[in-house]
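Heads up: the structure comes next, in C-alpha cells.
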Amino acid sequence: MSILPGFLLSFAIAIVSYLLNRFIFHSLGSATIAILLGIILGNLYFKQVTLFAGTAWSEKKLLEFSVMFLGATVTFQTIGKLGFSGVGFILIQMISTIIFVLFMGKKLGFSANVSALMASGNAVCGSSAIAAVEPVIGAETSEKRTSIAMVNLMGTILMLSLPFLGTWMFGNNDLLRGALIGGTEQSVGQVVASATMVNPNTTTLATLFKIMRIIMLVFVVLYFGFRSKKQKRNEQGPTQIKIKRNSFLPWYVLGFLVLCTLDTLIHFVPEVSATAKFLSGWCETIALAAIGLRLNLVEFIKAGKKLLIYGLSTLVFQVVLALILISLLIK
C-alpha cells in the first residue's frame with residue numbers, strides 16, 4: 001500500500017498548522033496545532049484505509065529523523081547541563097515507574113504481558129518501547145493494542161497539561177520544566193509537542209531528558225526478556241525467547257549522538273545548525289500531524305473502567321514522583 005496519501009495529508013496539515021501559528025495562534029506552536037488538528041480531522045473525516053500506511057510511516061520515520069537532526073543543534077556541553085543529578089532523576093523515575101506499574105497491573109488483575117508493556121511504554125518511550133518489548137515477552141496482538149491505546153491516551157493528557165503544571169510549579173525555569181516534560185511524557189512526539197508550548201529552550205532540554213530515557217530502552221528490553229523467560233521457565237519448564245537485536249538501540253539515537261559529537265568536536269557553522277533545526281522542525285510537525293490522525297478516541301472509550309484506573313493511577317504516580325525528584329535532585 002502506498003504511503004503517499006497519508007504522507008501528503010500529514011504534510012498538508014503541517015502547512016496549515018504553520019500558517020495558523022504564524023498568523024493567528026502565535027503562542028501554541030506549529031507542532032501543537034498539528035497534533036490537535038490531526039486528532040480532530042482524523043476522528044471526524046479522515047478514516048480511510050488508504051491513509052493508514054502513510055500516516056504510520058510519517059509518525060514513525062519522520063519523528064525519528066526529527067530527533068536525529070536535533071543532534072546537530074546541541075553539543076555535549078548542552079547535555080552536560082543536565083549533570084549527574086539529571087541522570088539520577090531519570091534512573092530513579094524510570095525504575096520507580098516500572099515497579100509501580102507492575103504492582104498496579106497485578107493488583108488490578110491484568111496479565112503479566114499487559115503489565116510489562118504498560119510499564120515499558122510509560123517508563124521509556126511509549127509505543128516504540130511497547131513494540132520493542134512485545135517480541136521478547138511473547139505478548140499477544142490484543143495485549144499490545146490495549147497497552148498502546150492507554151499509553152497514548154495518558155500521554156495526550158500529559159502533553160496538554162504539563163506545560164501549564166510545569167510553569168505553575170517551576171516558574172520560568174526551563175531546565176526544571178524540561179525535566180518534568182522529558183522525564184514523564186511517554187513518546188518523543190508528545191515530549192516535543194508539550195515542550196513546544198513553553199519555548200524552544202525547554203524543548204531542547206526536554207528532548208535531552210527524553211533521549212536519556214530512550215538510551216535506557218536496551219536495558220528495559222533485556223530486563224523484561226529475562227523476567228519473561230524466568231516466569232515461563234517456572235510455569236512450563238525450559239523455554240527460549242529470542243530477543244531481536246534491532247529492538248535494542250534506535251538508530252536515530254545513534255544518529256543524534258554522532259551529530260552531537262561532531263558538533264562538539266568541530267563546531268558546525270551556523271548555517272548547518274540552522275538547516276538541521278529547520279529539517280528537525282518540519283519532520284516533527286508532519287509527524288505530529290500523523291500522530292493526531294491515527295489517535296482513535298473511540299478506542300479509549302471502549303477501554304473500560306479498570307484500564308482507565310490503571311492508566312490514571314500511573315499518570316498521577318509519574319507526575320507526583322517527578323515533581324518530588326526534581327525538587328530534591330535538580331532544583
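Placement of Cβ uses the backbone N, Cα and C atoms for every residue, glycine included.
As written in Swiss-Prot, here are the features:
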TRANSMEM  2-20  transmembrane segment
TRANSMEM  24-46  transmembrane segment
TRANSMEM  82-104  transmembrane segment
TRANSMEM  114-136  transmembrane segment
TRANSMEM  148-170  transmembrane segment
TRANSMEM  204-226  transmembrane segment
TRANSMEM  247-269  transmembrane segment
TRANSMEM  308-330  transmembrane segment
**Request:** Verify whether three or more Cβ pairs under 8 angstroms connect the transmembrane segment (2-20) with the transmembrane segment (114-136), leaving out any pair fewer than 6 apart in sequence.
**Result:** no
**Message:** What residues elsewhere in the chain lie close to the transmembrane segment (82-104), defined as a C-beta under 8 angstroms and at least 6 residues from its ends?
**Reply:** 115-116, 118-120, 122-124, 175, 179, 183-184, 205, 208-209, 212-213, 216, 220, 310, 313-314, 317-318, 321-322, 325-326, 329-330
**Message:** Quick test of the contact rule: Cβ under 8 Å, at least six residues beyond the ends. What residues does that give for the transmembrane segment (148-170)?
**Reply:** 35, 39, 117-118, 121-122, 126-127, 130, 176-177, 180-181, 184-187, 190, 193-195, 197-198, 295-296, 299-300, 303, 307-308, 310-312, 314-315, 319, 323, 326, 331
